[in-house]
Structure formats: C-alpha cells, structure tokens
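Feature annotations, reproduced from TrEMBL:
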- 1-26: signal peptide (SIGNAL)
- 66-199: domain 'Cupin type-1' (DOMAIN)
- ASN97, HIS102, GLU107: oxalate binding site (BINDING)
- HIS100, HIS102, GLU107, HIS146: Mn(2+) binding site (BINDING)
Amino acid sequence: MASRISTMKLLSLVLSSFVIVQIALAGDPDILSDFLVPNQNNVDGSFFTYTGMRVLVNQSTFPANFTILKASMVEFPALNGQSVSYAVLQYPASSLNPPHTHPRAAELLFLVDGSLEVGFVDTTNKLFTQSLQAGDMFIFPKGLVHYQYNADPNNPAIAISSFGSANAGTVSLPKTLFATNIDDTILAKSFKTDVSTIQALKAGLAS
C-alpha cells in the first residue's frame with residue numbers, strides 16, 4: 001500500500017512538473033478556433049488586411065528621428081491569437097533605439113538597408129554585440145535587454161522585425177527608470193550617484 005502511495009506521489013510530481021514546463025515554454029495562448037474576431041458574421045478579407053505600412057511606399061522624406069511602425073494586435077486586430085507581429089524600424093543617421101526589452105517574445109531583426117550596431121545582455125550580464133550590414137539578420141532573445149544604433153553619421157538604416165507574439169510589449173529602460181516617478185533617492189542609491197544627477201537625467205527625458 002505504501003509503495004502504491006509513493007508511486008502515485010511520484011506520478012503526481014511528474015505531471016505537475018510537466019505542467020510547469022509547459023507554462024514556462026508558452027508564448028501566446030493557443031486559441032480554439034481558426035481566428036478571433038469581434039463578430040464572426042461580418043468578416044471578409046479586409047479584416048485580415050493591414051494597410052498601415054503603405055506610408056512607407058509613399059514616403060518622400062526619411063524621418064528626422066528614430067521611428068517605429070508597428071503591426072501588433074493593437075494596430076491589426078486580426079493578429080490576436082496568431083502569435084505573430086511585425087515592425088518596421090527607421091534609423092536616421094547617428095540615431096539610436098535605446099536599451100529596452102520585449103517581455104512576451106523574441107525579436108528577429110532583418111536589416112534591409114544601411115548598417116547597425118546591435119547588442120543584448122544575457123542574465124549573466126554578458127554583452128553580445130554585432131555590426132550588421134544590409135541583408136543580415138540578428139535575434140534578440142525573449143525578455144533580454146537589447147539596443148540598436150546607427151553609427152553611420154551620413155546614412156540612414158531600415159530594418160524589419162518580427163515577434164513571436166501578437167503583443168510582444170516594450171519596456172524602455174530610460175523611460176521606465178527615469179520617467180515613472182520612482183523616488184529620486186531610490187534611483188540615486190541604485191546607481192550609486194547623487195539625487196541631482198538623477199534629477200538631471202529625468203529632466204533630460206522630460207524635454
């Protein structure tokens with residue numbers, strides 16, 4: 001009887017571990033239909049079409065600042081439940097996409113034109129960097145801090161990023177730390193500096 005109870009406990013632990021592993025590996029939840037729409041009776045091909053990127057085709061001048069055009073479930077509701085989203089990133093000369101994370105997905109970047117300096121930091125605080133040329137791809141693992149920098153002082157760059165989530169989310173480190181009303185003293189102690197330095201950083205972001 002004791003042996004049978006031990007076997008049952010072992011089986012229960014194995015099954016519990018399997019569930020935990022499945023949760024840890026999960027991205028967007030699986031859906032139980034072909035797609036998700038607000039009203040199944042009024043769907044046609046236009047629901048599955050996103051035209052927000054047409055501005056790129058008709059664009060006559062390059063943006064003066066770093067610009068992202070997104071196609072996530074927010075902009076393109078048909079992506080809800082499909083575990084995919086998209087972004088076009090435009091980098092003027094000497095511009096930066098500051099350090100940030102995507103908590104719900106990895107990012108696969110394809111550099112269409114120009115050059116970029118990219119990097120990410122893993123959970124052991126090791127920095128991985130690479131110089132990309134047009135035609136190169138680079139993967140930023142899910143949830144890790146990363147950045148892209150166009151170091152070319154004369155030429156812009158364009159990249160396309162895909163994400164394994166319909167809503168990958170973005171956490172900008174500068175904004176999260178210095179534009180969310182975290183107490184100046186806490187930040188000063190965290191960065192081993194003084195409050196006036198923290199206030200100067202906050203003022204810079206505010207402007």
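Yeah, the Cβs are placed from backbone N, Cα and C, and that goes for glycine too.
Mapped onto this structure are the features recorded in TrEMBL.
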residue: ASN97; record: oxalate binding site; Cβ contacts under 8 Å, 6 or more apart: PHE66, ILE68, LEU89, TYR91, TYR147, GLN148, TYR149
residue: HIS100; record: Mn(2+) binding site; Cβ contacts under 8 Å, 6 or more apart: VAL145, HIS146, TYR147, THR170, VAL171, SER172, LEU173
residue: HIS102; record: oxalate binding site; Cβ contacts under 8 Å, 6 or more apart: PHE140, LYS142, GLY143, PHE163, SER165, ALA168, GLY169, THR170, VAL171
residue: GLU107; record: oxalate binding site; Cβ contacts under 8 Å, 6 or more apart: ILE139, PHE140, HIS146, SER161, SER162, PHE163, ALA168
*Can you tell me how the residues of the domain 'Cupin type-1' (66-199) break down into helix, strand and coil by DSSP?*
21 helix, 57 strand, 56 coil
*Which residues, in sequence order, are found in the same chain with Cβ within 8 Å of the centroid defined by the Cβ atoms of ASN97, HIS102, GLU107 at the oxalate site, excluding those residues themselves?*
ALA87, HIS100, THR101, LEU109, PHE140, HIS146, GLN148, SER161, PHE163, ALA168, THR170
*What other residues of this chain sit with their CB within 8 A of the center of the CB atoms of HIS100, HIS102, GLU107, HIS146, the recorded Mn(2+) site?*
THR101, PHE120, PHE140, LEU144, VAL145, ALA168, THR170
*Neighbour count (Cβ, 10 Å) for HIS146 (Mn(2+) binding site)*: 21
